[in-house]
Amino acid sequence: MADITGTLGLFFTLITLFVSSSTSFNAPTCKLWRKFQLNEMHEPGDVLLGGLFQVHYSSVFPEWTFTSEPHQPVCTRFDILGFRHAMTMAFAVQEINKNPDLLPNLTLGYRLYDNCGALVVGFSGALALASGQEEAFALQGGCAGSPPVLGIVGDSLSTFTIASASVLGLYKIPMVSYFATCSCLTNRQRFPSFFRTIPSDDFQVRAMIQILKHFGWTWVGLLVSDDDYGLHVARSFQSDLVQSGQGCLAYLEVLPWDNYLSENRRIVHVIKESTARVLMVFAHQSHMIHLMEEVVRQKVTGLQWLASEAWTGTTFLQTPDFMPYLNGTLGIAIRRGEITGLRDFLLRIRPGQSSNNTSYDMVQQFWEYSFQCKFGASGSAEACTGDENIQQVDAEFLDVSNLRPEYNIYKAVYALAYALDDMLQCEPGRGPFSGGSCADIHKLEPWQFVHYLQHVNFTTTFGDQVSFDENGDVLPIYDILNWQWLPDGRTQVQNVGEVKRSPSRGEELQIHEDKIFWNFESNKPPHSVCSESCPPGTRMSRKKGQPVCCFDCLLCSEGKISNTTDSMECTSCPEDFWSSPQRDHCVPKKTEFLSYHEPLGICLTAASLLGTVISVVVLGIFIHHRSTPVVRANNSELSFLLLVSLKLCFLCSLLFIGRPRLWTCQLRHAAFGISFVLCVSCILVKTMVVLAVFRASKPGGGATLKWFGAVQQRGTVLGLTSIQAAICFAWLLSSSPKPHKNIQYHKDKIVFECVVGSTVGFAVLLSYIGLLAILSFLLAFLARNLPDNFNEAKLITFSMLIFCAVWVAFVPAYINSPGKYADAVEVFAILTSSFGLLVALFGPKCYIILFRPERNTKRAIMAR
């Protein structure tokens, strides 16, 4: 923390220095307070471009104060790729100067500074480029004139770029970074003149999430560097991953800048103990070296590494010690490009062969590093001649087959050149500024050049379109690389896909899985989830206190299903459907009704038909023996009508069997009520006739029979039956019975039943039958002891007793029977009461007629 505080203090002091040197209005000249002693390289030109590159990894500051003359920092650990980055800018400027179609009447120059891997050095270089290095110059019109450099290409690290762009943005000096990816730099309010040719971390995070989604990795670890680059990535990942719903972070660790052994040991232990098999690392190569040393020490295998663009292309990790663990690494990489002529340019590099106006300090340092010699050396040190064979330097320096950061630098330089070319082609009166004015190259305001840079649009020779959005971000594209450790010990970095965003199609991911090497025995992608996917038929139930990716799979409840994997909720089936046993689809509910095809329905149907047949047979017997005393003595006409009504009672029970339909529902109770009233009315009239005949047999009772003649008997039966018919008609008109799908009895079944419509109508119908039956029973009971030769009352009494007992038991049984069993109870009651009447009333008579014909005589009957 002390180091960070000191750096920030120095940072704001430098800002004060820059502002003071640039806003001195009282003095006759503008004077530079301090001149930064920086490692540089420059080439003169009509217009200068600035550049900031990391040619050295680190630096040492013997002394740095503002009260005394500062000492030049000592830059250490030469970065040969960083030097190639700087030379790529020099090559791009040279190529532009040779192009007759681009800036034909103007020569570009450059001034390149080495940031030495230190924030303060990089920031000093940015201030030097913005303010110039002249000791003093005379004020002319308020310091009017073009800035020392038209724009700056750089810096490399996000933290360095944030510091420089914060100040340069105050003066609208354009800065085009080739390597700073921090999403915070997208803030146009804070960085109004910042541009970059590398996608921001927001897109890199989304690209990584797409890779996770492609391979089904929902449980991953994340390591980030302790700087703006890593911390902004961590925040983006935590928000974007949750919003996308594509996965969860098993852990998030921040890698220390220095080699803190205890902290690295703790982090690697977390990695080792986690169940996540996929590990993403957004850090710089220096972090990775310390981390991998601890990974090797603890022998942590079985991990799929996902690399950010910051270390995907580095070769420092591709060593025999690390590759057994990093083999198969997938990484996001800067778009590879081709720069024709760059290798020839690098081969022509020579120290000390420039004009007097060109500094080649960086070239001399490169020469000394590559050939392990020293210019002006004396004694035992080997002296550099400048004639060494450059083809003997590190092969990586001359390998231009995998140009990635260099390609971004190349595009950045060309973006500045095309913007300048557009500005120079402006016609007065048609310009973009007030009054159609154009910018003047000799009195150029930086914000004017920012306008042209914002609208630049060109295509590289490699075929990539370069343009900036409203935030200064380039149209993003990344390559996807795969590290493959070959048997001969070499490492091959294979391009296995790309992820990009196009204006028309949005974000696209293309991966060639057949080219990927997986560092697992199966040579297949690893499986990295906190909880296995919930199959169809189940739903996810989050574990308390765990990330959303950690859950239990619960079987859907009855009547609900889930037909997708990892369903959050189970959906209810439609009313006529029910869940399958696996709960993964809805099936039609089983329908239940009293069917002709089930045993109960078959038995009841058979009983109904049997009763009908018996009634017909008895009717035939009575008709055949209608002249016999037994038939004639008991009112044969009413007996015939009673047998017909019993036959109708047996037949009406069939209306209660089978799938309910509107006409069967309406007809069943009407037919039942009318048939039974007809039957009971016949019995009632027979009983009344018995009583009348007995009364007529007494002295003075002959007048009674005139009220019970054949016409009166028919009229009474018809009248009593008509009342029931009227009740049924009123019932059907007011609230008719109708079919109904009942789902209350069983959740998994549909019970087809006939609802009575009006309970009052049904109750009146039954009550009327019951009233007639009770009246018949009472009259028969009173006449039971009359002489046998006139009396049928005992049989009627017994039959009506059976009838009443059946229907009294029917009511509670019917109410408490669900679904088809209610219909079965009613059919059973109809059949039982009908058989009771048939057997009780006609059984003895048929017995006499068929088996005891000697008793079927007038003498025999009178004798009784």
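Here the Cβ of each residue, glycine as well, is placed from N, Cα and C on the backbone.
Annotation comment: TrEMBL describes 600-864 as domain 'G-protein coupled receptors family 3 profile'.
The signal peptide annotation in TrEMBL covers 1-24.
Note on the transmembrane segment (599-623): residues 631, 636, 639-640, 643-644, 646-647, 649-651, 653-654, 657-658, 820, 824, 827-828, 831, 834-835, 838, 842, 845-846, 849-850 of its chain, located 6 or more positions outside it, place their CB under 8 angstroms from a CB of the stretch. What TrEMBL records for 599-623 (among others) is transmembrane segment.
Per TrEMBL, transmembrane segment is recorded for 638-658 (among others).
Residues annotated as transmembrane segment in TrEMBL: 670-694 (among others).
Residues or ranges marked as transmembrane segment by TrEMBL: 715-733 (among others).
The feature transmembrane segment is assigned by TrEMBL to 760-783 (among others). Long-range Cβ contacts of the transmembrane segment (760-783) within its own chain (Cβ-Cβ under 8 Å, at least 6 residues beyond either end) map to 669, 673, 676-677, 680-681, 683-684, 687-688, 690-691, 694, 720, 723-724, 727-728, 730-731, 734-735, 791, 793-794, 796-797, 800-801, 803-804, 807, 811.
Look at TrEMBL and you will find 795-815 (among others) tagged as transmembrane segment. Sequence-remote contacts of a segment are chain residues at least 6 beyond its ends whose Cβ falls under 8 Å from one of its Cβ atoms, and for the transmembrane segment (795-815) they are 680, 683, 686-687, 690, 766, 769-770, 773-774, 776-777, 780-781, 784, 822, 825-826, 829, 832-833, 836-837, 840-841, 844.
The transmembrane segment feature in TrEMBL is assigned to 827-850 (among others).
Outside the transmembrane segment (715-733), and at least 6 residues removed from its termini, the chain residues within Cβ reach (under 8 Å) are 638, 641, 666, 669-670, 673-674, 677-678, 681-682, 684-685, 688, 757-758, 761-762, 764-765, 768-769, 772.
Regional average pLDDT for the domain 'G-protein coupled receptors family 3 profile' (600-864) in the model is 80.
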